[in-house]
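Per Swiss-Prot, the features are:
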{"type": "DOMAIN", "residues": "14-144", "note": "domain 'VHS'"}
{"type": "DOMAIN", "residues": "162-181", "note": "domain 'UIM'"}
{"type": "REGION", "residues": "178-206", "note": "region 'Disordered'"}
{"type": "DOMAIN", "residues": "210-269", "note": "domain 'SH3'"}
{"type": "REGION", "residues": "374-443", "note": "region 'Disordered'"}
{"type": "COMPBIAS", "residues": "374-383", "note": "compositional bias 'Polar residues'"}
{"type": "COMPBIAS", "residues": "391-400", "note": "compositional bias 'Polar residues'"}
Amino acid sequence: MEYKQDIETAVSRATDGKLRTDNWQYLLDVCDLVKEEPEDGAQYVMEAIDERLQQADANVILRSLSLVACLSENCGSRVQQAVASKRFTGLLYYLIEDKHVHATVKREIAKVVDQLSSSFQRDPSLKGMSDLLQKIIRRYPHLVAEPKLPQKREMSADAKLQEDQDLEEALKLSLQEYEQQQRHNGGQPPQQAPAALASETSLPEQPQPQIVRRVKAIFDLNASEPDELSFKKGDVITVIEQVYKDWWRGLLRGKVGIFPVNYVGVCPEPTAEEVAKEAAQEHAVFAQAGNVENLLQKLRVSQNVDVTHEDEISELYSTVTPLRPHVTKLIGKYAQKKEDLASLREVLANAEATYNMMLEKATCYSSSNFMPSTQHRTYQPSGQAAPYSNYEFSQPSTNVLPPRPASYSVNPQVTGLPVHQQRSVPENTEIRYRSYSGDLPHT
């Protein structure tokens, strides 16, 4: 009897409605208990799961389905036979047909049935799960089939033109809105020509085209190509641009890729009233920070006092307690903003590193084209006497990048060469004299 209670307690903990995701440690704890006595454990755990599946809390049902899948994969044939039994498959189908069960729960049931059917296909005695899957496919095909990936077809010229026009119109309306805001804030209205004023008053007010900035994934997607974006159901993707007719490019957790539009839903942008309401609620939460600190300080001082008789403490507590859900919501909001900013920083850092690398390569390529030859050479003007061969020119030993050829020059007082010949001698050229006893010729 104690063993049965342990299993029921473990099942209740693993399928708690307060859990927002599967806790695999709790799930494996149930599996460990069932493995201790496979015969009785399989019976007790399935009875506890049946009871949990009949509750109205959708979250409890979702956690119970995850527990069923975990038990089927880890606890042997006894549990598998109980899961594939006519009684349990009938309970799952009852949930599929129940109108009060949410569509998300029904899709999860169909997903688990599909998974178990694939796991049980080698054992004919577990055919009940595959029969249930076929029954769901026949009567509720929308619960099993995920949308097909659309083809990557190029946008037509008209579609691209329409997109450019929508963007131009959006920018125009944004500029007008900014100018109106400047006037409303007390700034001087910008001077406009009479023709512009006439055209502005004559044009009817056009609705601002809706620009999709964020979308929310409604299905899981595992990328099959390098340029595609992988995501999980519930992820919020920032839309960058439309690449193909049915594919967009987006940003998620620092990664950029394309994704199909039929796998996501548009996140509507909040209206001005909603933004103002949210800001007011946030301000109200932060305004209560002093009361929270005051309550904490009084509780520290009154540790040995019965707080139920302290009216001030009771009043403060009743004031700050309703703030908990709002604080939790704000934590989630700013956590998402932090993640978005971290992703943006990562993308910006990668772009900056790529740009610097390309700039460095371009600089090295340009430098190599302007590097003069470092070979030792002797200067001898044509048509001159033999003594000129005694002047020898060589590049300096230091590795200095020379300037452009247009700035090359040599001091004529040092060389004594004609001006039209001095331009061909690079700057910083060393002149080494050999023994010469005669005078330089005069030009």
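The backbone N, Cα and C atoms fix where each Cβ goes, and this holds for glycine too.
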- Query: Using DSSP, what's the helix, strand and coil tally for the domain 'SH3' (210-269)?
  - Reply: 3 helix, 29 strand, 28 coil
- Task: Kindly report the helix/strand/coil residue split of the domain 'VHS' (14-144) according to DSSP, in that order.
- Result: 103 helix, 0 strand, 28 coil
- Could you give the mean pLDDT over the domain 'SH3' (210-269), rounded to a whole number? 82
